[in-house]
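Remarks on the structure that follows.
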Amino acid sequence: MGLLILGLGNPGLEFSLTRHNVGFSLLDKIVSKNGLFLKRKKKYEYSELRVISRRVILVKPLTYMNLSGSLFPSIFSDFYMCIKNLLVVLDNVDLPLGKCRLKERGGMSTHNGLKSISSVLGSSNYSRLYIGVGSNVMRDIKSFVLSRFCKDEIDRLEKLYDFLSDELIDISESNFKDKVQKINSSNF
């Protein structure tokens, strides 16, 4: 079984290091840590690695967050994957900074990126990794998720990304529950 890790974010330098782009940042860490390079297709950038005999595909959409679903179903056929191979990495304003929640399957979400994906797929039956970006102390959630991290927050997240980059690439059906326990109990 392969794994397709889809990191959510918004394209463009103006969005780098924002709370909404933690999915992109984690994938960038996995790419650099494994000496990989991103290749470009029409709607996304991707990289591929092998872990033992499993293929792991890393994908960063070139669409804005709210249009993430437009990658499907073509991305599945491009890499010979299906919904059970999908792991979406995204921000979560309800989790404290440095805390994660890995879920095997999920219900509908208020996150617009997930709404877009679930709407196109006709299902929310895929895995997700929520990365806490801190509590929303501002009234306007859009302003909050598009705000940049401060230096101390970036330092904490770098440690988290380092940890997650090792944990995610060898995730499988047989060790998923162990990974949930390890990732969900971590705090950076």
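Placement of Cβ uses the backbone N, Cα and C atoms for every residue, glycine included.
Straight from Swiss-Prot, the features:
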type	residues	note
SITE	Asn10	site 'Discriminates between blocked and unblocked aminoacyl-tRNA'
BINDING	Phe15, Tyr64, Asn66, Asn112	tRNA binding site
ACT_SITE	His20	active site, proton acceptor
SITE	Asp91	site 'Stabilizes the basic form of H active site to accept a proton'
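The recorded positions recorded for this entry are His20, Tyr64, Asn66, Asn112, and the Cα of Tyr64 lies nearest to that of Asn10 (site 'Discriminates between blocked and unblocked aminoacyl-tRNA'). Listed in sequence order, the residues Asn10, His20, Thr63, Met65, Leu67, Ser68, Gly113 complete the 8 Å Cβ shell around the tRNA site centroid, once Phe15, Tyr64, Asn66, Asn112 themselves are left out. Spatially close to Asn66 (tRNA binding site) yet at least six residues away along the chain are Asn112, Gly113, Lys115, Ser116, judged by Cβ distances under 8 angstroms. Of all Cβ atoms in the protein chains displayed, 24 besides its own lie within 10 Å of the Cβ of Asp91 (site 'Stabilizes the basic form of H active site to accept a proton').
DSSP assigns the residue listed as 'active site, proton acceptor' to a helix.
Applying an 8 A CB threshold to same-chain residues 6+ apart, the list for Phe15 (tRNA binding site) reads Gly9, Asn21, Leu146. Spacing of Tyr64 (tRNA binding site) relative to His20 (active site, proton acceptor) is 11 Å (Cα to Cα, whole number). Maximum C-alpha to C-alpha distance over the listed tRNA-binding residues Phe15, Tyr64, Asn66, Asn112 is 16 Å. Under the DSSP three-state reduction, Asp91 (site 'Stabilizes the basic form of H active site to accept a proton') is assigned to strand. The Cβ neighbour count for the residue listed as 'active site, proton acceptor', using a 10 Å radius over every protein chain in view, is 24. Reported as a whole number, the C-alpha separation between Asp91 (site 'Stabilizes the basic form of H active site to accept a proton') and His20 (active site, proton acceptor) equals 6 Å. Most Cβ neighbours within 10 Å among the recorded positions Asn10, Asn112: this distinction goes to Asn10. Within 10 Å of the C-beta atom of Tyr64 (tRNA binding site) sit 17 other C-beta atoms, taking all shown protein chains into account.
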